[in-house]
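The block underneath contains the structure these notes are about, expressed in structure tokens.
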């Protein structure tokens, strides 16, 4: 498996510290988190929209004539 080990992660953190400095890293992390959250929200909105369209396409419209043709059932309360 070609994964990044613990030493690779430590090396990446050290390089990031050298490039951006310790004061800038929290800001970059927050910006990345916000971006990721907005992306997930947009993806969920797209999925919800497609589900709504599917539901509307599968709906069956019943006209007034069809409802009048249905037999009426009398319902009585128990005595």
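Glycine residues also receive a Cβ, built from the backbone N, Cα and C atoms like all the rest.
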Region 'Disordered' range according to TrEMBL, out of 6-42, 43-79: 43-79
For the compositional bias 'Basic and acidic residues' (43-58), the number of residues DSSP places in helix, strand and coil: 16 helix, 0 strand, 0 coil
